[in-house]
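> Please see the structure below; I have some questions.
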Protein chains: 2
Amino acid sequence: MTTGLLPEGFHDRLPPVADAAARLERRVLASAYAHGYERVDPPLAEYVDALAGRLKAGSAHNAVRFVDPVSQRTLAIRPDITAQVGRIAATRMAHHPRPVRLSYAGPVLKLSASQLHPERAARQIGVELIGLDSVAAAREVVTVAIEALDAAGVPGVSIDFTLPDLIDTLAGDTLSPDRLALLRERLDAKDAGGVAEIAPQYLPLIEAAGPFDRAMARLREHTGDALTSRLDGLAAIAGAVQGKVAMTLDPTERHGFEYQSWIGFSLYAQGARDAIGRGGSYTILRGDGQEEPAIGFSLYADTLVDCDFGSDARRRLFVPLGSDPARAARLRNEGWVTVAALEDSDSPEAQLCTHVLEDGEPRAV
Amino acid sequence: MTTGLLPEGFHDRLPPVADAAARLERRVLASAYAHGYERVDPPLAEYVDALAGRLKAGSAHNAVRFVDPVSQRTLAIRPDITAQVGRIAATRMAHHPRPVRLSYAGPVLKLSASQLHPERAARQIGVELIGLDSVAAAREVVTVAIEALDAAGVPGVSIDFTLPDLIDTLAGDTLSPDRLALLRERLDAKDAGGVAEIAPQYLPLIEAAGPFDRAMARLREHTGDALTSRLDGLAAIAGAVQGKVAMTLDPTERHGFEYQSWIGFSLYAQGARDAIGRGGSYTILRGDGQEEPAIGFSLYADTLVDCDFGSDARRRLFVPLGSDPARAARLRNEGWVTVAALEDSDSPEAQLCTHVLEDGEPRAV
């Protein structure tokens, strides 16, 4: 019966899932807040050029657009909040000392779905550290991500690191832009034959994927001195959460890292069908032509609610007609959810209540 | 400098206002949750006909529309969440025993602004009781509204009651639809001369506006027996919050009550430039051609943040480079916000910190 009620990629969240999702989001943001990340709340839509031009290598090609009858300019519904936070940091908070720590949560809308994100109306929760993309900055952001997921009770979290611009760094000067793009694609697809055709020396990068320590050792072995400082940095970042979560490394993974620069990571959890979040370093374009480094992560609320949180028992107390309202108020203060009867025909069963107020006391149904 | 950054009627919420707004919303919804109102979270956009046809006398004329490339049908960005909640109640929760208690919060988008709502990208928080619009239902909803605002710390709350379909009830059979529409308009505008021209017997309705008890007495006096049960109902509803907040009555007010039926109310607060919310009874159209009564209220987050909440002191603890991270973690557990130095040049002042960690203890800057 629900088929056709909403367009593909859109969905309603109902009780009790919507409450669980709100609780999760609250805990994630409270955890980030304790690390100094303060909330920003940009609007649902803004000038399309303001969104599209803000992140180096970012774009707004997947945004719903419309002509604003007031300004006669094209507006875009945000497909992503990171670019909006970049705009705020680069304009209204341009004179705020760096680094700036910001957090956000809200719905985003995409014109079409991708395999990576089948949802078109999704919810994004995130944290951005603007003004730095150093190892220390990355350590902090990765720590906040893992602590926030832990505070939210997300089970079986793991992290997969990547080095989004690794192949550009290694091969940038030796290949034409076309060949480089093709090499990137083939590394992404783990197409060993294809990679060998272009640059066989990078074949070991495909093999250097897996459990973090083993993959790091292979990568160090095969890349020699060229990457020593970068790999030392990666090791230091991973060290911040080592032993707390399972860690892997997939150095050439670029899926989902459209605008990230030197460091990226994906977050996974038990029971979630896909990554529950992604993060990494990127570059914000300021209005004055300057660039600014930044690092952050986003969580995908729609994937997160798939996780296996166990079941939170609902305790609802049915308050029959004629009960003392002051007694019900005191019980709410003690943490009860009270559901008042409004008609003779109301019943605890119909209202999904676990308890009934009898002689002023809650009794299990 | 910020002029022109965003379209008219759109704005960013920055620290610390965005955090204050999130806190307020959390408290409002927690208060409603304690009365059994569970969260729903409908998507940002849906089929325009699903939105437009749901509330009797409601419409989606002010919605941003776009053609969905997947379904090839027209979608609307929600200009209001109440209609979406009505859709959920009428379809996916159609078989849930009545009344159904639901709450929600999220952004809405309007194509053009009105005098009543200058914001085009706004945030709506609300509560809906579906299946009943009795006096008992209205008492509950008004109680939840006032308790929620109290829990959120909103200062100087007052409530203004109205009877949206009063003039239709009184004059519906005696005037042509055109004359009735004109009379409604003139009552709305408090145009005594214009009202006298059409139906002088309704002039006292304009005068019966003001402090609740006085206005009720006048109204009873001038309408005789025709409205006795309705006015008794209104008195019973007001009784639920009498003595807790200031109350007024403006029986013919219709501004902002496009789809409400027999009872409506506006909420005000100290320091807010306009109403902070509105509520009332309305009718949901079910897919099967049946109608269903409902009652609820919405709060306008953008007006709410104008209220004078006093200032919440920010306590931020600067953690110098080389400090023990475990000590910082313990302090976060005790409720501190810690801001870690990431570079030698970081300072407590630049990070708006009130305290510095020295020898393992927070000291005021």
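Yeah, the Cβs are placed from backbone N, Cα and C, and that goes for glycine too.
Got these off TrEMBL a minute ago, pasting:
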{"type": "DOMAIN", "residues": "B:9-304", "note": "domain 'Class II Histidinyl-tRNA synthetase (HisRS)-like catalytic core'"}
{"type": "BINDING", "residues": "B:Asp80, B:Ile81, B:Thr82, B:Gln124, B:Glu128", "note": "L-histidine binding site"}
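Each of these features: where is it, how hidden is it, and who are its neighbours?
In this structure, B:Asp80 (L-histidine binding site) belongs to neither helix nor strand by DSSP; it is coil. The local packing around B:Asp80 (L-histidine binding site), expressed as other Cβ atoms within 10 Å of its Cβ over all shown chains, amounts to 24.
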> Pairwise over B:Asp80, B:Ile81, B:Thr82, B:Gln124, B:Glu128, annotated as binding L-histidine, what's the top Cα to Cα distance to the nearest Å?
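Per the listed residues, the maximum Cα distance equals 13 Å.
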> What mean pLDDT does the predicted model reach across the domain 'Class II Histidinyl-tRNA synthetase (HisRS)-like catalytic core' (B:9-304)?
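The predicted confidence over the domain 'Class II Histidinyl-tRNA synthetase (HisRS)-like catalytic core' (B:9-304), as a mean pLDDT, is 91.
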> Across all the protein chains here, work out how many other Cβ atoms are within 10 Å of the Cβ of B:Glu128 (L-histidine binding site).
27
> For a quick check of packing: other C-beta atoms within 10 Å of the C-beta of B:Thr82 (L-histidine binding site), how many?
24
> How many other Cβ atoms sit within 10 Å of the Cβ of B:Gln124 (L-histidine binding site)?
20
